[in-house]
Amino acid sequence: MVVPLRKDWPHLTIIALMLVGSLIVWPFAPQRVPIHWDISGRPDEYASKLPGLFLLPAVALGIYLLMVLLPNIDPGRANYRQFTTPYYIIRLVILLMMGVVHAIVLLWALGLEVNMVRVLAIALGLAMALLGNLMGKIRPNWFVGVRTPWTLASKRSWVRTHRMAGLTMTPLGLLIALAGVIAPYGWLVLGAILLLVADVIWLTLYSYLVWRSDPERISSIHTTPE
């Protein structure tokens with residue numbers, strides 16, 4: 001599968017805006033820029049001006065290029081043609097999330113103390129809700145989706161686990177986004193972590209149970225997406 005870059009103008013626009021934003025903020029930014037925040041939304045780690053303002057745009061570009069490359073090196077590359085639009089949206093959502101984080105860094109560099117925890121919880125929750133609607137459309141591959149030894153060893157496990165992921169991720173995402181608006185800081189972080197961990201554990205267990213019930217399953221040591 002070859003990703004047509006001409007159709008990726010929204011992705012490239014996000015990266016360009018991140019870079020332009022850094023260039024605009026550069027003359028006004030302090031020599032040390034916050035790059036990490038504690039659970040109360042206060043910065044607790046700083047970086048010098050250059051990496052603080054330009055590392056995220058560089059990472060975003062690297063992730064974009066990697067995700068363009070992945071369909072060409074994946075042993076299950078043929079399956080990407082079956083979820084071209086979901087893969088397009090997934091790449092876009094990842095870059096949007098990075099753009100949100102970078103925007104907060106730039107605002108802090110300008111002295112505008114936006115609460116990272118709340119904004120990130122809302123953005124993460126909405127991203128999860130959107131991605132949840134796409135999970136059932138993702139076909140077997142090595143890099144995207146719920147990849148456990150059992151989803152990779154059973155098409156039935158892959159399909160059903162991703163449908164289940166869609167059913168859990170969307171409401172959990174909306175709940176996390178709502179918590180980002182109304183929940184106290186401590187409960188917000190703890191609650192989001194517990195919900196995400198519980199979902200991962202459940203989907204992992206579910207993928208195993210479906211694999212066990214699949215008469216066409218193969219040993220997980222011979223996993224090859226089909």
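Placement of Cβ uses the backbone N, Cα and C atoms for every residue, glycine included.
As written in TrEMBL, here are the features:
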DOMAIN    14-60  domain 'DUF1648'
TRANSMEM  12-29  transmembrane segment
TRANSMEM  49-67  transmembrane segment
TRANSMEM  88-110  transmembrane segment
TRANSMEM  116-134  transmembrane segment
TRANSMEM  164-183  transmembrane segment
TRANSMEM  189-211  transmembrane segment
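Residues of the same chain lying 6 or more positions beyond the ends of the transmembrane segment (116-134) and with a Cβ under 8 Å from any Cβ of it are 37, 39-41, 43, 86, 89-90, 93, 96-97, 100-101, 104, 165-181, 185, 188-189, 192. In this chain, the transmembrane segment (189-211) does not touch the transmembrane segment (88-110); fewer than three CB pairs sit within less than 8 A of each other, excluding pairs fewer than 6 residues apart.
Take the transmembrane segment (189-211) and the stretches 12-29, 49-67, 164-183: counting Cβ pairs under 8 Å, 164-183 has the most. Residues 5, 49, 52-54, 56-57, 60-61, 64, 92, 95-96, 98-99, 102-103, 106, 109-110 of the same chain sit 6 or more residues outside the transmembrane segment (12-29) yet have a Cβ under 8 Å from a Cβ within it. The average pLDDT for the domain 'DUF1648' (14-60) in the predicted structure is 93. For the domain 'DUF1648' (14-60), the DSSP-based tally of helix, strand and coil residues reads 27 helix, 12 strand, 8 coil.
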